[in-house]
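Participant: Take this structure first; my questions come after.
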Amino acid sequence: MKPEDRAFDRRHIWHPYTSMSDPLPCYAVIAADGVELHLDNDQHLIDGMSSWWAAIHGYNHPILNDAVCQQLKKMSHVMFGGITHLPAITLCRKLIDITAKSLQTVFLADSGSVAVEVALKMALQYWQAKGEKRQRILALRHSYHGDTFAAMSVCDPQNSMHHLYRGYLKENLFATAPALSRFKEGRVQENWDEQDISDFTTMMACHADEIAAVIVEPIVQGAGGMRFYHPDYLKRVRELCDQYQILLIADEIATGFGRSGKLFACEHAAIEPDILCLGKALTGGYMTLAATLTTRQIAETISLGEARCFMHGPTFMANPLACSVANANLDLLAQNHWQQQVKAIETQLWQALSPLKEQQTVADVRVLGAIGVVEMKERVNIAEVQREFVAQGVWIRPFGKLIYLMPPYIIQPPQLRQLTDAIVTILKRVEGKAYSAYRVE
Ligand SMILES: *Cc1c(COP(=O)(O)O)cnc(C)c1O
């Protein structure tokens with residue numbers, strides 16, 4: 001890449017969560033293949049991030065490429081109002097098939113955040129149609145549900161800086177986040193402590209008649225801290241929602257499609273949500289597409305309301321290219337025996353990372369499914385740590401106190417070894433005198 005292209009990027013292009021005046025450094029990727037990202041200096045990096053939970057089968061996959069190319073020759077897009085097409089029908093059939101039995105209708109949205117907006121609007125229109133004024137959502141602290149306004153209003157108030165938008169942002173309710181739980185080989189290690197849900201229970205009791213829905217990330221709280229919690233917490237949430245007849249929205253945008261060791265994380269607790277959000281890995285990281293599923297009962301109740309329909313319809317709804325690659329992605333998931341892939345990653349992550357817990361600078365190490373997390377005691381210097389990782393030939397992007405891995409499912413043991421070795425090496429340096437270089441002042 002030419003220096004002027006880099007300069008243009010720094011001067012004119014926003015990147016996620018970084019300053020426009022003094023942006024964090026960016027690495028130029030010119031291609032990606034399998035589990036490798038190719039930089040413009042000919043360096044190849046092993047990918048430990050799956051491009052944020054999405055690229056589960058790796059990059060430039062011949063079958064996924066082919067799905068896009070075949071569809072491209074037919075049509076890349078047509079409006080979804082008054083028109084339907086087989087890529088969408090096939091996909092929605094599959095989604096209904098693999099998710100909870102009660103979920104029988106699908107709304108195809110354009111991104112995870114929009115899928116959450118859709119879920120919240122469904123809950124509001126549902127209660128409106130029933131003639132009840134319920135407009136508040138109960139969420140959990142440390143949650144992350146997206147960056148648009150309604151989605152942000154149910155994210156952790158501190159992490160997403162609700163005070164910046166005070167007066168504009170809906171003030172929702174937040175219950176204390178569940179305690180961290182340890183998992184080994186996919187099974188929770190601690191006994192359930194009913195105390196853990198007491199704040200949530202109190203919130204439900206105090207606000208039962210104004211809450212429209214509860215929204216949670218099942219079992220894994222992702223961008224809000226990479227926290228794994230007890231399946232009984234989720235079970236109790238379901239019971240309390242039933243008790244007060246409040247809708248339960250499961251945001252499985254990050255956890256969906258096998259990442260936590262179950263196809264959907266709700267399965268750890270054997271519960272069914274009333275509304276389910278999917279995204280990220282839905283297209284294997286090829287294109288933006290998300291889905292919000294709900295029951296026939298909720299869908300039909302919405303149709304009884306004043307509007308007679310659900311009030312949402314994105315321009316690129318059910319984009320055929322995205323649906324086609326999602327279909328190929330789901331077929332591949334089944335063919336590749338994702339359970340074995342994820343289990344092998346889990347075992348290896350556990351073996352390689354758990355000894356790090358003994359280190360002075362490490363607060364916690366946790367592994368669930370194909371997710372491995374090293375939580376440091378202090379925030380790490382992203383630019384510095386990232387530079388070290390790249391020098392070691394891996395793509396790992398920490399945030400806050402967290403250094404974590406969620407590699408593509410197709411990763412091979414030696415490649416995964418390179419990722420975990422890189423973390424071990426970094427931590428050794430951090431442990432030594434160079435610590436200050438890795439810490440944010
Ligand atoms: C990433 C994420 C979202 C938002 O998805 P986008 O596609 O980035 O809008 C919502 N919920 C969870 C749990 C996520 O991890």
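Just so it is clear, glycine is given a Cβ too, placed from its N, Cα and C backbone atoms.
Keep in mind that TrEMBL annotations are predicted by a computer and have not been checked by a curator.
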Participant: Can you match one of ASP42, ASP47, ASP251 to the pyridoxal 5'-phosphate site that TrEMBL gives for GLY112, SER113, PRO314, THR315?
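Facilitator: Between ASP42, ASP47, ASP251, TrEMBL records just one in the pyridoxal 5'-phosphate site with GLY112, SER113, PRO314, THR315, namely ASP251.
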Participant: Listed substrate-binding residues TRP52, TYR144, LYS280, GLY313, ARG397 - what's their greatest C-alpha to C-alpha distance in Å?
Facilitator: 35
Participant: Across all the protein chains here, work out how many other Cβ atoms are within 10 Å of the Cβ of ARG397 (substrate binding site).
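Facilitator: I get 15 for this one.
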Participant: Given the binding-site residues TRP52, TYR144, and counting only Cβ atoms in the protein chains shown, which has the most within 10 Å of its Cβ?
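Facilitator: Top count of Cβ atoms within 10 Å goes to TYR144.
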Participant: Of the binding-site residues TRP52, TYR144, LYS280, GLY313, ARG397, which one has its Cα closest to the Cα of GLY112 (pyridoxal 5'-phosphate binding site)?
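Facilitator: For GLY112 (pyridoxal 5'-phosphate binding site), the closest Cα among TRP52, TYR144, LYS280, GLY313, ARG397 is found at LYS280.
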Participant: Near ligand 1, which of the binding-site residues GLY112, ASP251, GLY313, PRO314, THR315, ARG397 are found, taking a Cβ distance under 6 A to any of its atoms?
Facilitator: GLY112, ASP251
Participant: Can you tell me the CA-to-CA distance separating ARG397 (substrate binding site) and THR315 (pyridoxal 5'-phosphate binding site), as a whole number of Å?
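Facilitator: Rounded to the nearest whole number, the Cα-Cα distance is 33 Å.
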Participant: Which ones are near PRO314 (pyridoxal 5'-phosphate binding site): of the binding-site residues TRP52, TYR144, LYS280, which have a Cα within 10 Å?
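Facilitator: So the list reads none.
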